[in-house]
Amino acid sequence: MAVYRVKVATGTDLMSGTLDSISLTLVGTGGESHKQLLDHFGRDFATGAVDEYTISCAQDLGELILIRLDKEPYSFFPKNPWYCNYVQISTPNACTYHFPCYQWMDGYETLELREGRGKTVADDCLPILLNHRREELRAKQDFYHWRVFVPGLPNYVSIPSYHPPVRRHNPNRPEWNGYVPGFPILIDIKATKFLNSNLRYSFIKTASFFFRLGPMALGMKLRGLVDRKRSWRRLKDIRKIFPANKTVVSEYVAAHWQEDSFFGYQYLNGINPGLICRCTQLPDKFPVTDAMVASSLGDDTCLQAELEKGNIYLADYKILDNIPAIELNGQQQYHCAPLCLLYWTPNKELLPIAIQLSQTPGPDSPIFLPSDSEWDWLTAKTWVRYAEFYCHEAIAHLLETHLVAEAFCLATLRQLPMCHPIYKLLIPHTRFTIQINSIGRALLLNKGGLSERGMSLGLAGFAEVMCRALAAMRYECLYLPDDFRRRGVEGLDNYYYRQDSLRVWAALERYVSEIVCYYYRSDAAVEGDPELQAWVREIFTECFLGRETSGVPTCLRTVPELIRYLTIVIYTCSAKHAAVNTGQLEFTSWMPNFPSSMRNPPLQAKGLATAQTFLDTLPDVKTTCITLLVLWTLSREPDDKRPLGHFPDIHFVEETPRRSMQTLRRCLDQISHDIRQRNQNLPLAYTYLDPTLIENSISI
């Protein structure tokens, strides 16, 4: 008689426990056990519980390779879901086997789990395990499907689990879609409620998200802000939007937004710090002369000399050119694609020295200078900040993190079985990404969403910006060190984003390298892994739309190539998103610093701007409130956070990868300590890449 001791861990989130009956079958190389009901006197499988049982077998089962969990009805109780963390089994010969689960069992079903060691297909030789891999992938590919979101954008997950609700009482009553007339925003309930349980927010995170959103929206409605379609009377009235949600940074932005030094600072350490490039030769479309910028550069130098020294930088918003604007609240909106020239001064400040509000020079497109009138110069800078809104929200934030990460996530679910080491490496970095993207599409890119109710470009224009950006995206730009070199910004001091991001990148790259080298001992092992290659091909096809010009690989042939690729994936899903998302509200709550629409055309002559024309150009009160409410919602991290490097779910069971995880945490802790020490001496702390504030995944 062989006796096996079993531990079954139920999830700790509220509602994780079940009253259904759970049975277990053990499968080993020497046979399988009978199906045994796991039952004690009293409650089993309560939330957070680790229940212990014994299973007796007539003979030793040999090496355990699989288990089967069966979830069946219990007495008269209704069906309810169960979240299983793991099953741990101790054998008669004192071996311990760990079977990771970390998924929901919603209905009455059977779930087969493999023993927890990471295995590529080449590591499996038993037919039962090879068949299990194939069946797992087939089932996931049948369930998760790609769907075209907008032609020209990365494809996204179809929602197979959505079925229109059965109306019991009044079949003629129209279905509520989550929109209350007169309220600021719409949430498409279908986009979130009917996601598969394994893709949805936890109960705590869901409650936190929606309970914060509701009162804020209600408060704006009760104060009448969302019904005012007129200009702001005074700039200081904008502070009334978030009277109780101030931070040190948001107050600093409101106090310093007009200053040239802070305007330049935001290119380095704001929420879109990856745009500017060193300028070694002025483009013909931006005919700035020495005379124009002489007062900005000083007497001892000239424009050509500073170009040669590498002290001139360019922010070119050509990707926004020739996109029509729409009407908002009955008023035509306006749009432009500016150019901004910046100077890195001897005092180590990045200052704007020339702005042109179109891509075509001419009499109707003057070049604005710091020496112009106060309101001319401020209006020109605000048009640049308006362009920043689209380059940040559409490109740096939504496309380059959210949509790309969702494609990484879906390809991982469809092409890598749970036992695959790359699945184990990546799955913590996909947590809740599909849920938040479903919410994001409902809030931003939906009929009645922010793009239709708060942006000059509307839904079609916003999508066009993203399509252009994806068409221009190159693989080398996704590799962070190469991107800094390509943009020529290695020499900029006080570029805290660059300093912090490179340190986090290096820590992640080392961690990935250790994991990859443990499981792939040669280049041939990488090239010969069909599941890995299918994953890479699917990302190329569904995310980058099969564009060879992108330089994104269709296959990986060497260990270094795989390390590079996986570091890009993990960095994109964690630190890159934190850099562009965490500070959204702080830099945007003072709306003139980040307007989403403009109600007057770009200035075509100097000397025309006044304080009143400036207010009449900014978004009206209603548009401001809608925009800031959505940005507030999508930047406020709900509860149930998992900081970068913290992996409470035990997917890796081998000692070597677990040591690598501990090393990563120690390295990130040191980075966090150094960042906090540095920030003590800064007038404005840069915290967005402090590892303790970076989430493992894109979950907001």
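Using the three backbone atoms N, Cα and C, a Cβ is placed for every residue, glycine included.
Features reported for this protein in TrEMBL:
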DOMAIN    2-119  domain 'PLAT'
BINDING   GLY17  Ca(2+) 1 binding site
BINDING   ASP39  Ca(2+) 2 binding site
SITE      TRP104  site 'Essential for stabilizing binding to COTL1'
DOMAIN    119-700  domain 'Lipoxygenase'
BINDING   HIS397, HIS402, HIS577, ILE700  Fe cation binding site
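Around the Cβ of HIS577 (Fe cation binding site), a 10 Å sphere holds 25 further Cβ atoms from the protein chains shown. Every protein chain considered, the tally of other Cβ atoms within 10 Å of the Cβ of the residue listed as 'Ca(2+) 2 binding site' stands at 14.
Taking DSSP states H, G and I as helix and E and B as strand, the domain 'PLAT' (2-119) has 0 helix, 62 strand, 56 coil.
What surrounds the Fe cation site, by Cβ distance within 8 Å of the Cβ centroid and not counting HIS397, HIS402, HIS577, ILE700, is the set LEU398, THR401, ALA405, ILE436, GLY440, VAL580, ASN581, LEU634, ILE698 from the same chain. Following the DSSP three-state reduction, the secondary structure of HIS402 (Fe cation binding site) is helix. With respect to HIS577 (Fe cation binding site), the closest of these recorded positions in Cα terms is TRP104, chosen from GLY17, ASP39, TRP104. Across all of the domain 'PLAT' (2-119), the predicted model scores a mean pLDDT of 95.
The Cβ neighbour count for TRP104 (site 'Essential for stabilizing binding to COTL1'), using a 10 Å radius and every protein chain shown, is 19.
Residue pair ASP39 (Ca(2+) 2 binding site) / the residue listed as 'Ca(2+) 1 binding site' shows a Cα separation of 14 Å. Neighbour density for GLY17 (Ca(2+) 1 binding site): within 10 A of its CB lie 21 other CB atoms from the protein chains shown. With respect to their backbone Cα atoms, ILE700 (Fe cation binding site) and the residue listed as 'Ca(2+) 1 binding site' stand 26 Å from each other.
Within the set of binding-site residues GLY17, HIS397, HIS402, the entry lying nearest in space to TRP104 (site 'Essential for stabilizing binding to COTL1') is GLY17 (CA atoms). Counting only same-chain residues six or more apart in sequence, the Cβ atoms lying under 8 angstroms from the Cβ of HIS402 (Fe cation binding site) belong to THR433, ILE436, ASN437, GLY440, HIS577, ILE698. Within the same chain, residues at least 6 positions away in sequence whose Cβ sits under 8 Å from that of HIS397 (Fe cation binding site) are ILE271, HIS577, VAL580, ASN581, GLN584.
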